[in-house]
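J.: One structure, pasted below without further comment.
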Amino acid sequence: MSETVTQTETDQRPATARSLGAEEKEAKSDEQFQQERTIKGFRWFIVIISILSSVTLYSLDNTIVADIQPQIINTFDELDKLPWLSVAFLVACVATNSIWSKIYSQLNAKWLYLFCVVLFEVGSAMCGAAPTINTLIGGRALAGLGGAGLYVGVMTLLSVNTTKRERPMYIGMTGLTWGVGTVLGPIVGGGFAVSKVGWRWSFYINLFFAAVAIPIYLFMLPSFDPRPGVSYKERLAQLDYLGTILMIGACVSGVMAINFGGQIYPWDSGQTISCFVVSGVLFIVFGLQQWYCIGTTKENRTFPCQFLARPAFIILFVQTASVATVFFVPIYFVPLFFQFTRNDSAIDAGVRLLPLVCFIVAAMILNGALMSKFGYYMPWYLVGGCLSLVGSVLMYTIKLGTSTANIYGYMIILGVGGGMYAQASFAVAQGKARPREIPVATGFISLAQLTGGTIALAIANSVFLEKASAGIMAVVPDASKETVQSAISGASSSFFQTLDPDVREAVLAAVTHAISQVYILPITGAAMSISLAIFMPREKLFVASDTGDRDGVTPLGAMG
């Protein structure tokens, strides 16, 4: 029955009931996490810029493929494999996120982060040099694997190299670098797509970053060992290998189902249903394996089940997934709207994102600075959720004739709302977690962000394709389904050019209506954020209390 003892009970046992050596190792680990920042001045400036820049690359790689897909199709002539370009990256990110956070809690953060950067760069090099689309897909998967570890590593390095008071500010800065990469992705991709060097340099450009950043990581980034005094053999033996395999299998089949359903295969096809069934079965087996600690221990499970017993972490998880829905959907569909309705190029459509992303980034930075200063976090979720709801509803009302100025205004409202709490959960979770749980807590929130964004985009894309296809075929009944889907995906623009002006306007109205329908997802996410914010405590998390407790917070649910 000892395996059912809670973490709190374990911590309250007398020393005689626990290994003295284990207690000493945990104390050392906690001291490592709580230590003051050891690097300052110009060295710290160079290190933090290098770390945050890797987030730019990660976010750039998320959006850069969208605008070079037509050129990739023309190179390899395999339209049926087009969805794999995004699915491979997303599958690798989602499936390995929790695993990376667990590894970061065992191994040296500096060297593990460096390994992930190299992995990401190797994947990018594979994509750039790919002789076949299968190699390109493999490179995307490898880049996603390294990118997931890189992102968890950034959050871990920021948490262990900053004080608790300044941590929200630096985590807020990840929003700035994420925004820069998100905006640059379509612009850089579109620029290379129409240039003489070609789309392959959209991936090769990442290698220049590695040439500059890796020496900085090697010689200036402080080393951080989360488990000093523990042999690497013991650390590796404590990883949950069975849970890792089950989770990867469940995530891969699940992401494939929601991304391929309605696009490559009908939702009721055997292929789609099989993926859902396999994913469901594997998730059930994974849950049982984690609950009963089969092939692992309670402390070493892949998924941080201990957070499921803490209401605060459950709320933070759902809040993070909800806000990911709020800002990921418009980031992908705003450029699409302008490409269809204003005949924008890929570069121009990417620039149209600036009002949205700039205000998301500004709100993220403001959140990091003010939350560090005043300590309260609940108002950010409540006010941010309200503004996100207003902005999402306004985006839902967009018609073919809606002015560009109005659309920019809607985007600004949505950007401010989403940015107010987009990254806040990382700092809040790290503040609420025990020091040695910080890497796992970081991965827990990162998993929510990736899962929310992945599921939202998959559903939004399916809704758009189905609604747009049905609307276009109602206007042009003679067009084949394959021709319509090819035109919607961007693989062929000749379809729209052959239409009469009146018919083209009706088709664009159908496309605009289909795009407006995807904003039901951000509306739902924002409404969920408001509902959950009401149940969040009115507490100060980042300001030291008079009693000198570690967090300086009141218990969950306290209203003072």
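Every residue, even glycine, has its Cβ placed from backbone N, Cα and C.
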J.: From the set N161, N300, which residue is assigned the annotation N-linked glycosylation site by Swiss-Prot?
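T.: Candidates were N161, N300; Swiss-Prot attaches N-linked glycosylation site to N300.
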J.: Does the transmembrane segment (242-262) come close to the transmembrane segment (313-333), meaning at least 3 CB pairs under 8 Å for residues 6 or more apart?
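T.: No, the transmembrane segment (313-333) does not contact the transmembrane segment (242-262).
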J.: Quiz question: given the glycosylation sites N300, N343, which has the greatest number of C-beta atoms lying within 10 angstroms of its own C-beta?
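T.: Neighbour-count leader: N300.
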J.: What residues elsewhere in the chain lie close to the transmembrane segment (141-161), defined as a C-beta under 8 angstroms and at least 6 residues from its ends?
T.: 32-33, 37-39, 47, 51-52, 54-55, 58, 61, 88-94, 96-97, 100-101, 103-104, 109-110, 112-113, 115-124, 126-127, 167, 170-171, 174, 221-222, 224, 426, 430, 438-439, 442-443, 446, 450
J.: Go through 84-104, 201-221, 275-295, 409-429, 515-535 and flag the stretch with the largest number of C-beta pairs under 8 Å relative to the transmembrane segment (378-398).
T.: 409-429
J.: Translate the DSSP assignment of N300 (N-linked glycosylation site) into the three-state scheme.
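T.: N300 (N-linked glycosylation site) sits in coil per DSSP, no helix or strand.
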J.: What's the CA to CA span in angstrom from N300 (N-linked glycosylation site) over to N343 (N-linked glycosylation site)?
T.: 53
J.: For the transmembrane segment (275-295), could you work out the same-chain residues 6 or more beyond its ends whose Cβ comes under 8 Å from its Cβ atoms?
T.: 3, 240-243, 246-247, 249-251, 253-254, 256-257, 260-261, 301-303, 305
